[in-house]
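Visitor: Before we start, here is the structure in question, set down as structure tokens.
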Amino acid sequence: MKRLWQHCHAATLRNGKYSIVEDAVLVTDGPLIHWIGPRAELPPGDYAERIDLGGAWLTPGLIDCHTHAVFGGNRSGEFEQRLEGVSYAEIATAGGGIASTVRATREASEEELLASARKRLDPLLRDGVTALEIKSGYGLDLASEAKMLRVIRRLGEQLPATVRSTCLAAHALPPEYAGRADDYIGHVCTTILPALAKEGLVDAVDAFCEHLAFSPAQVERVFIAARELGLPVKLHAEQLSSLHGSSLAARYQALSADHLEYMTEEDARAMGAAGTVAVLLPGAFYLLRETRLPPIDALRRHGVAMAVASDLNPGTSPALSLRLMLNMACTLFRLTPEEALAGVTLHAARALGLEASHGSLEAGKLADFVAWEIERPAELAYWLGGDLPKRVIRHAEEVYRG
């Protein structure tokens, strides 16, 4: 069934630019975009329905390409500790941080994890998100990682959004493997990943390359195991120190390397050559009160696509608004509003391997878009909060109206 969506303007995000169409018309056919362009150039046709968007601005549906939205408990107590001067690394060394969330997640039932995740994802979806990634990594044993990934699959079935699942079993060292990181990585590679892949629970594989997590050599073992299973990889890299994990990610044609505050010019060059997306996470930077900025100019010089994500997690970025991350990416990291919007649409789609179907308003792609009550696209990165979406459309069907 063809529908004609009219009386609007569009920022299509073709090629990562605004690519604005004034007085636009968008035609959908079933779940897909059939045509988009100026009203004056609309081809003749019959339409089952004509929808008046009342002068709204259209953008692609927003994509949150890095979240840890499934977890037990919360870490508001650690938030207080950090404000008193205790560092993230000190909290982790004392058994807090990821380890405390692992305990709570292992204890939670699948139904409890599902209910709590739905509650925290609802604000993101009402904010215009139509696709997102959710990582495991708070189970750190086969049963608990499988539990998390089953919840993620169920969220994909229940939510009006595309949900990609990423196995992050190499997130931290579980207590039962204390002092035996190599043994745990072996367990991840030979037992956890193959079992989860066999169950069809994994779309991609991630790891945390950092002094307080896993070394580049250990991460490479995970990447090799993922490659043998036919799974793409991504990496938490260069958040707290420089281990050149982003160069390692590029060597394995990773979908993305994320955080990147301590990446070097050499790392940026490698990522640009490999086509690996840089996922910027300003929420974690802000909450940890970091001072070292990702090298945005180096990423620009080497043509690295930059995505922006919420990093929704209980410890370092309890962020429930992707639009707030747009403002932070501009204000803290000095992205332009155009770069930031591309970062939560086309480049975020690339970071999830979804660019063929998501991320821009083009014929043949899914009709996932948002109608905003704004006067120009830069407002999406300008306003701090507020209910801007007028309508959220997924697969040409309205899923939210403001």
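Sequential numbering from 1, following the chain as shown.
Note that Cβ sites are derived from N, Cα and C of the backbone, with glycine treated the same way.
According to Swiss-Prot, the Zn(2+) binding site annotation covers His66, His68, His236, Asp311, on the basis of sequence analysis. If you look up Swiss-Prot, you'll see His66, His68, His236, Asp311 marked as Fe(3+) binding site, on the strength of sequence analysis. Per Swiss-Prot, the feature 4-imidazolone-5-propanoate binding site maps to Arg75, Tyr138, His171, Gln239, Thr316; the stated evidence is sequence analysis. Summarising the annotation, Swiss-Prot assigns N-formimidoyl-L-glutamate binding site to Tyr138, Asn313, Gly315.
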Visitor: Mind checking which of Arg75, His171, His236 has the fewest other CB atoms within 10 A of its CB? They're the binding-site residues.
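Guide: So among Arg75, His171, His236, the binding-site residues given, the one with the fewest Cβ atoms within 10 Å is Arg75.
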Visitor: Through the lens of DSSP with three states only, how would you label Asn313 (N-formimidoyl-L-glutamate binding site)?
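Guide: It is in a strand.
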Visitor: What does DSSP assign His236 (Zn(2+) binding site), in three states?
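Guide: Looking at the DSSP assignment, His236 (Zn(2+) binding site) belongs to a strand.
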Visitor: With a radius of 8 angstroms around the mean position of the C-beta atoms of His66, His68, His236, Asp311, what other residues of the same chain does the Zn(2+) site pick up?
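Guide: Same chain, not in His66, His68, His236, Asp311, Cβ within 8 Å: Thr67, Lys135, Asp258, His259, Val279, Leu281, Ala284, Ala309, Leu312, Asn313, Ser317.
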Visitor: Show me the subset of His66, His68, His236, Asp311, Gly315 whose Cα is within 10 Å of Arg75 (4-imidazolone-5-propanoate binding site); these are the binding-site residues I mean.
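Guide: Final answer, ordered: Gly315.
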Visitor: Taking the Cβ of Gln239 (4-imidazolone-5-propanoate binding site) as the reference point, list residues of the same chain whose Cβ is under 8 angstroms away and which are at least six residues distant in sequence.
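Guide: Same-chain residues close to Gln239 (4-imidazolone-5-propanoate binding site) (Cβ under 8 Å, separated by 6 or more) are Glu210, His259, Leu260, Glu261, Tyr262, Ala284.
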Visitor: Measuring C-alpha to C-alpha, could you say which of the binding-site residues His66, His68, His236, Asp311, Gly315 are within 10 Å of Tyr138 (4-imidazolone-5-propanoate binding site)?
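Guide: Neighbours among binding-site residues, in sequence order: His68.
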